[in-house]
Every structure is written in C-alpha cells, then in structure tokens.
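Peer 1: When I checked Swiss-Prot for this same protein, it listed these features:
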type: MOTIF; residues: 59-69; note: motif ''HIGH' region'
type: BINDING; residues: Glu550; note: L-isoleucyl-5'-AMP binding site
type: MOTIF; residues: 591-595; note: motif ''KMSKS' region'
type: BINDING; residues: Lys594; note: ATP binding site
type: BINDING; residues: Cys861, Cys864, Cys877, Cys880; note: Zn(2+) binding site
Amino acid sequence: MKNKYKETLNIPQDVLPMRANLIEKELKFKTFWDQNKIYQKALEKNKTNKPFILHDGPPYANGDLHIGHALNKILKDIVVRYKSLSGFYAPFVPGWDTHGLPIENKILKELKIDDHKNISTLELRKQAREYALSQIKNQKKQFLTMQLFSDFKDYYQTLDPKFEAEQLKVFKKMALDGLIYKSLQPVFWSPSSQSALAEAEVEYHEHKSHSIYTAFKIVKGNKFVEKNDFLVIWTTTPWTLIANSGVSVKEEFSYSKINYENKNYIFATDLVQKVTEIFGWKNFKIISSFQGKDLVGIEYQRPIKQEKTAPIVLGHHVTLESGSGLVHMAPLFGLDDFIIGRVEKLEEIMHINDDGSINEFGNQFANKFYWDANPEINEFLKQNNLLLHHSFLYHSYPHDWRTNKPVIYRGSNQWFVSIDPIKEKITKSIEHVESYPTWGISRLKTMIDNRTSWTISRQRAWGVPIPIFYNEKNEPVFEEELFDHIIDLVSKYGTDIWFEKSTDELLPEKYKNKNWTKEKDIMDVWFDSGTTSMGVKIEGAPVPWDVYLEGSDQYRGWFNSSLINSVVYYNQAPFKKLVSHGFVLDEKGNKMSKSKGNVVLPQEIISKFGADILRLWVANSEYTSDVTIGENIINQNVEIYRKFRNTFRFLIANLVDFDYKKDLKELTGIHLLIKEQLETLKFNTKIAYENFQFTNVIKLTNNFVYNLSSFYLDFSKDILYANKIEDLQRKMIQTNFYNITKTLLLILAPILPTTIEEVYQIFDQANKKESVHLENFFGISSIETIQEEKWNSFFELKNKVYALIEIAIKDKLIKSANQALVYIKETDEFLKTLDLKNLLMVGKVIFSKENKIENYEGHLCERCRIYFDFIDKDNLCVRCSKVIL
C-alpha cells in the first residue's frame, strides 16, 4: 500500500552510485590527479616538514609484472600515502635494475645465438640496453594502473651513466680500503649461466643426487693399516672423483679396520653399524681401532686417475653426521678442500669447463656434461671392484636463481669483497635498526655473520665493468688517479666506453704505451642495486632512509648488498627500518607456475575488478608470511569493499541537508558512545599504520562498519526519515555521520585511493582540499572507554532480547521486531532511564518479573510504520502528527 505521507519524510538522496565502475573511475581520477599535479602539490605542501623516504628496491627490467610486484609496490604505496597524509615530505622515487644475465639471455635467444661469446660485446650491450629501456617503459605503464602515488617521471635506472659512476665510486672506496682482492678459489659456478654466482644468487631446491660409497686402495701403509687395505669414501658428486688428490680425517676421531670377505676396510668407528647396515654386511669383523692422526701420511691409489697416488691429511670439516668419517678431497671443488689443499700442497685439478663439460683432464670421460658422466664413473668404479654401494639421495641443493639449474662449487679466478675486516662495523651499524616482522634484523645479522667474502665478478657482457688495469707484470693496479679517471669517463659516456676503447685509450696519458691490459669481467648485479643509496639522490633527504620494504628473500639479496656498500661508503646502514613480505601463492597454498595453470596476473584483476580491489587484497593480507590469492579470496575482498562503499552511500545520502557550518551539535546518550567508538577506531588504526599492520587497519575498520550497520545505522533511520529536519536528535546523528565519514575517508585513502577520492569529491566538509590526498591525517594520543563501559549493560540486554525475538519470529508469534511486546526483567537503573522502545527498535517495552516476547496489539502509524498504543484520527503517531503540522 502506497504511503500517502511519503512526501513528508526526509528521504535520503543517493548521491554516491551503488555500482563502483572502478575501471572507468580509476582512469577518470588518475587523469584528475595528473592534470592537477596532486602528487607534486602534496610534496610542496610538506616540503618544509620532516622527510620520510621509503626507498624503492629496484625490480628487474624484464617481462610483465607478476602478482609479487603488485604486492610489493602497493604495500610501499600504502606507506607513502599514509606518511604524506601525516604531514611528511614523502617523495617516492621508483627504480629499475637493468643489468644482468636474464636480459643478456633474452637477447641471445631472440638473435638465436647459443653462446654470448659468438656476438660482439658492444652489439650485445647495445641490444640489452634497448631491451631494458623498453621493459622499463612497459612495467612503468603497468605500475601506473595500480594507482601509485608517484608521477613516475623522477625515477632511477642502474644503466644511467651517473648511477654507474656512483657505483664505481663505491668500488674505488672498497679497493683503496683494501677490501677488494682477486683470488683463485672455489665459488658457486653456474654452468647454465657460465658465470660465477654470489650466495645471494643461489636458491635451494629439492634435487636427486647420486650417493655412492667407494673404496680407495692403500698403496703405502704404516703400523695401523697395510697396503691393499681400503679407505671407505662417501660422495654425492662422483664427477669430482676425477679431481681427487687427497682424503681427510679428523685427528681425534676413532677409526676401525673392518674385515669383510677377506678384505680390510677403514672407516670411522662410530659409523661402523650404520655403514655396514647400508652395505648389508652381516659377517664382518672389527680387527683394530686407532685415531685419525694415525692415518696421516698414508697414500692410496686415486680412484679414477689410478696411475697417481694421494695422501691422507687432517681436515677440520670432517664430521660423523653422515658418510664414513673420511672425506674425499678435490681442492678446486670445495672451499674446505681448497683451504686444506693449499696448506697440504695437494694437486689442484680443473677438469670442468665453464659450460659444465669435462675437459681433457677427465680422460675417458672428456666432453661429457659433468652430471651425465656420473653413471659412467659409477660403472668404472664397479668394473674396478671399487663401488661398495650406490643409491640416490633427495636433498636440498643449490640452484641458479635465474635459470633454476643446479650449480657447482668450482675453482676460478674471481674478484671478491672481503667481509671479515668490516663485519664488526656492519653488525654495529644495524644495532638500532628496527624490523617488521621482528625476526628480520636477526636474520640479516646471521647472514652477515656467515659471510667471509662476496664474489663480485661475473664472466658476462651486460653489466658494469670491474675498473681494474693490469700492469706489464699482469698485476692489478689500485691507484686513486686511475679510478677517478675512469669514473669521470663513465659519468660522461656510460660504461660502454670500457668496451669501446682499448686499454691505452682508456688510460691517463702517463700510463699509456706500457703494455697494460684491462679487466674483462663485469660486476655482480647485486653490487649495482646495492649502490642505490649512493646512486639515488633525493633533495633534503640524506641517508639513512626511513624504510626498505621488500620480499623476505632480500635479506640475502638487496638488504645485504645495500648494507655492505653503505657501511663501506657512509660508515652506517642505509635504512632505519626493514619491512619484509612473503611470496604470493595460489588459493590452495601452492607455488604459482604456468604449467599448473594457477598463475594470477595483477593486470587481469585490475581489468576485471579494478585496482582498488587489488589494493584491498594487499592491505588485507598477512603479508609478513606467504600470502594467497585466487577467485574466492578476491571475492571476499569484493564483499568487504561493497560494505565500505554502501556505508559511505548511506552516510552521505543522509547528510544532504546537513550544514557542517551550523549543524554540528554537542552529543549525548547513545550518540556519545558512537563518538567514543570512532575515537577508538582512529587511535587503533593510526597505531596499525605506524606499525605497518595494514590487515589491522582493514579489520578494525570493517568491524567498526559492521557494528555501526548492525545497530546505529538501523536505529538512526526512523529519526533521520521521520523527525523534523532541525530536530536535535537528528542533528546529533548527522554530526556523527559527518565525523564518521571524515574519519573513514582518511583511514581508507591510502588503501582505496580512487573510491575515497570519488566519495571525497561529493562530501562537503570543513577546510576541504582539492583532493583527499592533500588532506591531513588525524592525530590522537589517547582514548577513553567511559561510554563503552556505561552502555555495556544495554548491549547485553539487546542481545538477550533479539535472541527471544528470533525465537518468536520462528514460532510465527510475530513477523518482525517492530511487532514485539518485550517484557524485561531488569534492575539496572541506567537501563530504566533509556528510551528502550526506540533503542531496541521494538513495539513496546515493559519491565516485569521475567523476560518474554508477546505480539504487540498496537496501532500502526501510517507515516513512520511503527506501532503505538494510540494514534490520531489520521492514523498518525504523536511525533508524526506534530512533524507534518
């Protein structure tokens, strides 16, 4: 039945559309921000204030952005937007990492060239530069769709000559401080990349390795062991047996001679039971036992190069955790082997080429890939009655982080940064650095503690050259004048000049024509990105910068290299706080891969739902651990978004006739409770923002909105729609709505920039700015809970009453709460002072001896649709009758 009094009601006006149309709105407001230079105005507004710098760790300029990029950049953007609103001068300077193997490999693949040595270095570098720049352009375009608070006009790229020159200054400082050295020693070597790798470029994956026990025949014994006895050796790298030149034992360990089938075998006493069980030996006999030191000097026949013998030596790295207690030594294929080998003068055999193939030193195994030679080596040992046991071992094994192929330890001449001399200084520099999560700083410290050196040379073309000249004696020259000369050239012409010019053309005049040569290797890309605190200049914001925020893998990567370089150059850490996030997995917690078909792309989410939904997912993710994404998770965030949007719609629709200049009122009663709850929300969300806990921001806001909707908004409807426009209760509600809207706009602006800008442009408030992103975030130092405590008894009563009403509706006693006659057994004096009929939104309330619900036989007011004991001849309640007079 049509309400004939409808025209007399204060019907809310739908100012904010129900449908968000985010894709269209995001383009509209992006244009608005750009045309009106909102980002620049925010910087100008805060220019004289304290700076806040979140330094952008550079993503790699290769390929489209993945969901991990979105997680990272949006987290950063939320921080920057919040700090800007809080009055800080917060420029965000994005950057790109542009050198390195993936780009080089991409060019080689496009040109259909198998080996980088089959193309001129200059041509490869030219193509790589062009490709990197095209990728920056592509990624920049994709980043901009995420509604980031930066114009992306001021950005850095590690291939810029000025940046490269700053990088060389860091190298120069290290060199002159005595931290740079060249040495032959085993390093991580990637056959798939044909280059050395630093620890930060190695990832550990499950790997299937050969596991063999082999016998080395003794040819020169002593009083403890005899000629033709056998040493038992365990290895998971049969291919390194070609380079065997020693066996190590632990001085104080006990070793036993075991007789089995008329042969004697030597291995650690503590491992006798374990090893014999592996071999399946039943009837063996322990003949004698002795210490490791008693075996030193014994010689054995090498397992592959059987024409040669090798000695037993002492080794600090021998353990009883696995194997046999005797360790096969190949000095160029293990760091401990190398160190001991140098002391004991063991032969150093390099039988592996750069690409992993076996060279002429491998005898009959030459020209085979090292891994492919394993079965043949095992067969050779078997034919020579030296293979005691063969199986496969599944274990965590180092892989090249770019190619995902296994790496090996391989001796080669490389350039290193010595970490040991500066380790104490590095550790001291992070004593006062904070981290979120809190374990971050201890993880970084542990990684620094475990480093002795940093391999910085790479045998590739696309990168910053190591600026070293060799004199006529082939000795590296470390002279400041030479470094400064090259730095000056690079700042003007870029690093291509190192490859374009001959050695004499590069040298200052007094060094020419002396038969000098130049280094061919380039620097590790982690050295590039680790130089950003020197290469990136932000006016008025010196190092250390406030926050570095990256994935948790960067504790061994960018956090690590940045810290080392900064301590060398600035004598301090480059950051005050470290924030790290996990990886993005699919909805079931699985790693994403194209083969599984579970890859979620940020551009797909943005084009379907809008960037604000993607940003809400980021803010609503517990990012300190791995996070998940998928259709269900996105839909959950869509529902939260709708709740926020619909709340704004309701609030603003009921503020159309509200004038903040004259209608703001002092609050009483239930309205004072809502004000107190709003102040609590402000206090807690500010703490959450300060602590990078964005999930708490969403959780707190969502809970506030939910509680608001479940009571106060419903309670307010009758007063808003049916009371006089100037009614005091109505103005109190609108005062709350006004303040709630203002607060929610600020809380959600860093997370939902488009939606909040849309609402802000509609909303009329005091001291309104051109954009919500030029507003000032609220400050609040304390909260009160006086009203919360006071009103607790009411909400306890409300819950009891509505539980009874639910039963009454189910039993068809009443159709709605509006028809409920509520009997309340209550002695609380505060409750007796309240207008419980209106607060509970029921037909009538009577205090009695028991709690119960009956059907209220009242009269329905045709205007407000509420039941009363009495209505007038026009079917109006007292209130409505007065309003329409």
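Positions of Cβ are set from backbone N, Cα and C atoms, glycine also.
What does the local environment look like for each feature on the list?
Peer 2: Through the fold, the motif ''HIGH' region' (59-69) approaches residues 96-98, 100, 102-103, 106, 132-133, 135-136, 138-139, 142-143, 157, 551, 583-584, 592, 599-603, 629 of its own chain, all at least 6 residues removed from its boundaries and within a Cβ separation under 8 Å.
Under the three-state DSSP scheme, Glu550 (L-isoleucyl-5'-AMP binding site) falls in the strand class. Residues within less than 8 Å, Cβ to Cβ, of Glu550 (L-isoleucyl-5'-AMP binding site) and separated from it by at least 6 positions along the same chain comprise Gly57, Asn72, Gly557, Trp558, Phe559, Val579, Ser580, His581.
Same-chain residues lying 6+ beyond the ends of the motif ''KMSKS' region' (591-595) with a Cβ under 8 Å from its Cβ atoms: 67, 583-585.
Reduced to three states, the DSSP call for Lys594 (ATP binding site) is coil. All protein chains considered, the CB of Lys594 (ATP binding site) has 7 other CB atoms within 10 Å.
In the three-state DSSP assignment, the secondary structure recorded for Cys864 (Zn(2+) binding site) is coil.
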Peer 1: For the recorded Zn(2+) site formed by Cys861, Cys864, Cys877, Cys880, name the remaining residues of the chain with Cβ within 8 Å of the site's Cβ center, in chain order.
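Peer 2: Here the non-site neighbours turn out to be Ala722, Glu862, Arg863, Arg865, Ile866, Phe868, Ile871, Leu876, Val878, Arg879, Ser881.
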Peer 1: If one looks at the chain holding Cys864 (Zn(2+) binding site), which residues at least 6 apart in sequence have a CB under 8 angstroms from its CB?
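Peer 2: Counting only residues 6 or more apart in sequence, the Cβ neighbours of Cys864 (Zn(2+) binding site) under 8 Å are Asp718, Tyr721, Ala722, Cys877, Arg879, Cys880.
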Peer 1: Within its own chain, what residues at least 6 apart in sequence put their Cβ under 8 Å from the Cβ of Cys861 (Zn(2+) binding site), listed in sequence order?
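Peer 2: Cys861 (Zn(2+) binding site) has long-range Cβ partners Tyr867, Phe868, Ile871, Asn875, Leu876, Cys877, Cys880.
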Peer 1: Can you tell me the mean pLDDT for the motif ''KMSKS' region' (591-595)?
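Peer 2: Across the motif ''KMSKS' region' (591-595), the average pLDDT comes out at 85.
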Peer 1: Determine the Cβ neighbour count for Cys877 (Zn(2+) binding site): the number of other Cβ atoms within 10 Å of its Cβ.
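Peer 2: Its Cβ has 23 other Cβ atoms within 10 Å.
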